[in-house]
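Undergrad: Take a look at what Swiss-Prot says about it:
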type	residues	note
BINDING	ASP53, SER54, ASP96, LYS126	3-methyl-2-oxobutanoate binding site
BINDING	ASP53, ASP96, GLU128	Mg(2+) binding site
ACT_SITE	GLU195	active site, proton acceptor
Amino acid sequence: MNRGNQQKSAHVTTRRLLDMKEKGEKISVLTAYDFTTARILDRAGVDVILVGDSASNVFSGHNTTLPITIDEMIYHAKAVVRGVQAETSRAMVVIDMPFMSYQLSSEEALRNAGKIMKEHECDAVKMEGGRIVADTVKRITDVGIPVMGHLGLMPQSIYKYGSYRVRAQEGREAEQLLEDAKLIEQAGAFAVVLEKIPSKLAEEVTAQLTIPTIGIGAGSSCDGQVLVINDILGLNREFRPRFVRRYAELDAIIDGAVRQYVDDVKSGNFPSPDESY
């Protein structure tokens, strides 16, 4: 893959992620939806940038991830890939396949995965589901498209489950999740996201898989962690889930900066002579 960049750096690949798991080196994953954020994340050393269907929530303001379309996802992915290419080109870029872009049939899933890979230089696609998508994962990986799986809380199934509660807390559900993880691995997935499941279960899944597990609300035993960039930066004052650690409070900082700008414009304090031609 030709990635023009300013500072050449070893690009993270699926093989590299497997090596990281084998060596016990944790994998860092964050979401991005635009050029500027992707540049910063790549520069800061994030291993994997996920172009998440969470863009439906944090970028477009929808209540769920369901409304976002494949063309909208491709739009975001193109911007993210350009951002990575503008920096070190190190980060792997993975794009979520949106709701109903892969559920109808393996043929349609393959066609849409191919469309995603052809229209921008991302590295892989991500799909939610266990045994129900295993055949589709195999079909897609067989033609050379890397697939990341996603188990536990699956936001695209929110109307089926009715809430964002922790998943797989009961014995049979936990057993099924472990079985699903193994099926996804056997189908050819190179990694799997485990979202909002008990830490002990995530630890067991991680131990039994040879592919990396990426946790979100799944404890510290996973091979890596993923969070939504808006959440760690504190861009939503009202959203404070237990599994998110905030590293900044940008909502308040941006609010203060904008208010100062408005005041300076209203008072005539901006622009100053030094800011004029």
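For all residues, glycine too, the Cβ spot is worked out from N, Cα and C.
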Undergrad: Rounded to a whole angstrom, what is the C-alpha distance between GLU195 (active site, proton acceptor) and GLU128 (Mg(2+) binding site)?
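TA: The separation of the Cα atoms works out to 11 Å.
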Undergrad: Identify, in sequence order, the residues in the chain of LYS126 (3-methyl-2-oxobutanoate binding site) that are 6 or more apart from it along the sequence and have a CB within less than 8 Å of its CB; answer 'none' if there are none.
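TA: Listed in sequence order, they are LEU50, VAL94, ILE95, ASP96, MET97, VAL147, MET148, GLY149, HIS150, VAL193.
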Undergrad: Given the Mg(2+) site residues ASP53, ASP96, GLU128, which other residues of that chain have a Cβ within 8 Å of the mean position of their Cβ atoms, reported in sequence order?
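TA: Filtered neighbour residues, in order: GLY52, THR65, MET97, PRO98, PHE99, LYS126, MET127, HIS150, PRO155, GLN156.
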Undergrad: When you measure from the Cβ of ASP96 (3-methyl-2-oxobutanoate binding site), how many other Cβ atoms are you left with inside 10 Å?
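TA: Total other Cβ atoms inside 10 Å, all chains included: 30.
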Undergrad: Among the recorded positions listed here, ASP53, GLU128, GLU195, which has the most company in the form of other Cβ atoms within 10 Å of its Cβ?
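TA: Selected residue: ASP53.
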Undergrad: Measuring Cα to Cα across ASP53, SER54, ASP96, LYS126, which the record gives as the 3-methyl-2-oxobutanoate binders, how far apart are the two most distant ones in Å?
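TA: Result: 13 Å between the two most distant Cα atoms.
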Undergrad: Who sits close to SER54 (3-methyl-2-oxobutanoate binding site): which same-chain residues at least 6 apart have their Cβ under 8 Å from its Cβ?
TA: THR31, THR65, ASP96, PRO155, VAL228
Undergrad: Rounded to an integer, what is the Cα-Cα distance in Å between ASP53 (3-methyl-2-oxobutanoate binding site) and GLU128 (Mg(2+) binding site)?
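TA: Here the two Cα atoms lie 11 Å apart.
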